[in-house]
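Sequence annotations record features per position, and here Swiss-Prot assigns 3-amino-2-oxopropyl phosphate binding site to ASN11, ARG22, GLY199, GLY220, TYR221 based on sequence analysis. Sequence annotations record features per position, and here Swiss-Prot assigns 1-deoxy-D-xylulose 5-phosphate binding site to ASP13, HIS14, ARG49, HIS54, THR104 based on sequence analysis. The feature active site, proton acceptor is assigned by Swiss-Prot to HIS47, GLU74, with sequence analysis given as support. Residues or ranges marked as site 'Transition state stabilizer' in Swiss-Prot: GLU155. According to Swiss-Prot, the active site, proton donor annotation covers HIS198, on the basis of sequence analysis.
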Amino acid sequence: MPASPLRLGVNVDHVATLRNARGGRNPDPVRAALLAIEAGADGITAHLREDRRHIRDEDMARLKAEISKPLNFEMAATDDMMRISLATRPHAVCLVPERRQEVTTEGGLDVVGQHNALAPYIARLNDAGIRVSLFIAADPAQIEMAARLRAPVIEIHTGAWCDAVVDGHTEKADAEWKRIVAGAKLAKDAGLEVHAGHGLDYATAETIAALPDIMELNIGYYMIGEALFVGLAETVRSMRAAMDRGRSRA
């Protein structure tokens, strides 16, 4: 039986990073989202950070109002973000760790250590009909706790694997890859839907697309950088093609 289709979520955070570097309204992350969808994206991801360093509150409202595909709202588990997410009512919320000092999300949520704090946020989002995902490492204890907390989805943090691949650290890349493969299977067997993201490029997206347990990839920084050279629509089409090549081997 062929594997289920693999969805592509395009993260538009770094369109907003470019805009905010100069101020004003351009480039517009909502326009980027619309172009990405037209070119074949299955959904849009945006991370509203507490310091508003890229995506702003009004961007989230406009994305929800203007795009025709599912909106995945990445956020820290705080009361302020909960209020905004319940007002925005995106298709999905992905709970992520967040530190003001970090340049990008540096690791996965510690679901094991923070399960008591996370549980009420997961329950409220579930009750509101918003699909909840937890951004975690491919660690058995974290995956098992995610299932116990009744989060229907996990997103596996692929950053360590992608960095090792790019840096040519073959042994580390192989070890991280084995963790991802095992983690995706464990999560699927536990009844979780499995997504993946962070640091993916054409090559690593094609590789991970061959894992039938993974249903969605969320990719942003690489695609926005590549779009500077070939355009966003072409980048989305090329990423979609890379994913499809990988999926054909699942």
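Note: Cβ is positioned from N, Cα and C throughout, glycine not excepted.
DSSP assigns TYR221 (3-amino-2-oxopropyl phosphate binding site) to a helix in the three-state reduction. Of all the recorded positions given, namely ARG22, GLU74, GLU155, HIS198, GLY199, none has its Cα within 10 Å of the Cα of HIS14 (1-deoxy-D-xylulose 5-phosphate binding site). Across the annotated binding residues for 3-amino-2-oxopropyl phosphate (ASN11, ARG22, GLY199, GLY220, TYR221), the two most widely spaced Cα atoms sit 25 Å apart. For the binding-site residues GLY199, GLY220, the largest tally of other C-beta atoms within 10 A is found at GLY220. Other Cβ atoms within 10 Å of the Cβ of ARG22 (3-amino-2-oxopropyl phosphate binding site) number 8 in total over all chains. Checking Cα-Cα distances from ASP13 (1-deoxy-D-xylulose 5-phosphate binding site) against the recorded positions (ARG22, HIS198, TYR221) with a 10 Å cut-off leaves TYR221, in sequence order.
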